[in-house]
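Copied over from TrEMBL:
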- 16-42: transmembrane segment (TRANSMEM)
- 48-67: transmembrane segment (TRANSMEM)
- 79-99: transmembrane segment (TRANSMEM)
- 105-125: transmembrane segment (TRANSMEM)
- 225-250: transmembrane segment (TRANSMEM)
- 256-280: transmembrane segment (TRANSMEM)
- 292-310: transmembrane segment (TRANSMEM)
- 316-342: transmembrane segment (TRANSMEM)
- 362-380: transmembrane segment (TRANSMEM)
- 386-407: transmembrane segment (TRANSMEM)
Amino acid sequence: MAELERTGAWQRDFRLLWSGSAISQLGSVSATVTAPLLALSLTGSPVFAGWVTAAGTLPRILLHLPVGVLIDHSDRRRVLIVTMTARLVLAASVVAAMLTTELTVFLLPAIAVLQGVCLVVCGTAETTLIPRLVPGERLPGAMARNEGRVHGAGLLGRPLGGLLYDLHHALPFLMETLTSCLSVVAFAKMRKEPAEPAGRRQALRMAGRAQELRAGLRFLGEDRLLLSVLVVCALANFCFQTLGLVLVMVAHQQQLSMFVIGCLIAASGFGGVVGAFTAPRLLRRQKDQRKMIVQSVWSWMALSLVLALMEPGTLFYAVFALPLVWGGIGFTGAHLNVALALYQAERVPQHLYGRVTGAGRFLSGSAVPLGALASGYVIAELGTQDAVILVAVVVAALAVAITIMAPRPVERCTRVRAALAWVARGGRG
């Protein structure tokens, strides 16, 4: 790492990783957001459109844990190149099928599943590669740029995908083909990842896959702060899907155009971009990731409470209050994500990083689709206002819980040292 820092090679590699990931995610979001529309145009069935959407999200629920084990055993750069090439082929196959009128109802969900698998593998490899490239003192800025990339791609990709789809149904998938190609070129230009010590590589190969997975989960269980934050964030993400649906419903009741509704939904992405770029400055001032994480959850509670105290049936609520809160949730969430990513990069051993990252993404990846499914039932049963109040109450309980459960820095260090000692003993004792 010291040699890389002196030569500046890590900066070049990080720029290639960031730019390749950013452009591929832009293409992916543009194509993903239009996939349900394409399904509707094929069959006219909203049920089929829902199945296509579910097919893309299913791998996020099922595969993050085993993918974490895979990444810990693999050359991450090579994984990125292979999976991005697979995404290129999948997107190109959709374009070819559409241009030759061979796109069938069976092909679209199958492509969605395979693309979802590639996204899970790529996302885990990208995140776990950053601490291997970037020196420790530069990690806050690198993690913030990575978080900004995620929100920026969502902010730009959704309207861009809709615009391209209106011009021609195949254009979003053609764009994904081109962006995947550019990403492969960027990743191929990165320096090869340093080889892992032979002894450790051999030990990893000899261990059973289930035991390796347990090692990552055991480490996660030993770190009380990390486990508490991941669970709290998953539950909060589950609840916030209700607020997103409330925003769409209230805006629709006010007879706002689809373009305006899209802009209101994008408030979360805009807040996330701004939050990602302000987070490093706050972290440098505060120097305590635990405090920023706890403050972020309390900020979520305050935003939810403000919304719960307002009258939902007004135009002001639809075009100002809801988007402001939605953007504030994205802004605060970006701070929390950067602090959490930095904490993981500093505390989790490199050979366990993929498994711990996979476990965290399993929790968050499961919460979003399940929360989206539950939100409709919650609103139908309670009504808009009571549903928002319920979200505020749950988030308030989560804020209290994270304050109580998150250990102080001294206790945290003791637990991390104990976990590292357990890993060093090979998981015995």
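Including glycine, each Cβ sits where the backbone N, Cα and C put it.
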Between the transmembrane segment (105-125) and the transmembrane segment (16-42), are there at least three Cβ pairs closer than 8 Å, leaving out pairs fewer than 6 positions apart?
yes
Are there residues at least six beyond either end of the transmembrane segment (316-342) with Cβ under 8 Å to its Cβ atoms? List them, or say none.
127, 139-140, 143-144, 146-148, 151, 226, 229-230, 233, 240, 243-244, 246-247, 250-251, 253-254, 256, 260, 264-265, 267-276, 278-280, 282-283, 289, 292-293, 296-297, 299-300, 303-304, 306-307, 310, 360
Beyond the flanks of the transmembrane segment (79-99) by at least 6 residues, Cβ under 8 Å:
20, 24, 27-28, 31, 70-71, 107-108, 111, 114-115, 118-119, 121-122, 125-126, 129, 169-170, 173-174, 176-177, 180-181, 183-184, 187-188
Thinking of Cβ pairs under 8 Å, which stretch from 48-67, 225-250, 256-280, 386-407 has the most of them with the transmembrane segment (362-380)?
225-250
By a Cβ-Cβ criterion of under 8 Å, what residues six or more beyond either terminus of the transmembrane segment (225-250) are in contact with it?
261, 264-265, 268, 290, 293, 297, 300, 304, 307, 312-313, 317-318, 322-323, 325-326, 329, 336, 340, 343-344, 347-348, 356, 359-360, 363-364, 366-368, 370-372, 374-376, 378-379, 384, 387-388, 390-391, 394-395, 398, 401-402, 405-407, 412
Take the transmembrane segment (256-280) and find every residue of the same chain, 6 or more past its ends, with a Cβ under 8 Å from one of its Cβ atoms.
140-141, 144-145, 147-148, 150-152, 154-155, 158-159, 162, 244, 247-248, 292, 318-319, 322-324, 326-335, 337-339
Below 8 angstroms Cβ to Cβ, which residues of this chain, lying six or more residues outside the transmembrane segment (292-310), approach it?
225, 229, 232, 236, 243, 279, 282-283, 286, 317, 321-322, 325, 328-329, 332-333, 335-336, 339-340, 343, 385, 388-389, 391-392, 395-396, 398-399, 402-403, 406
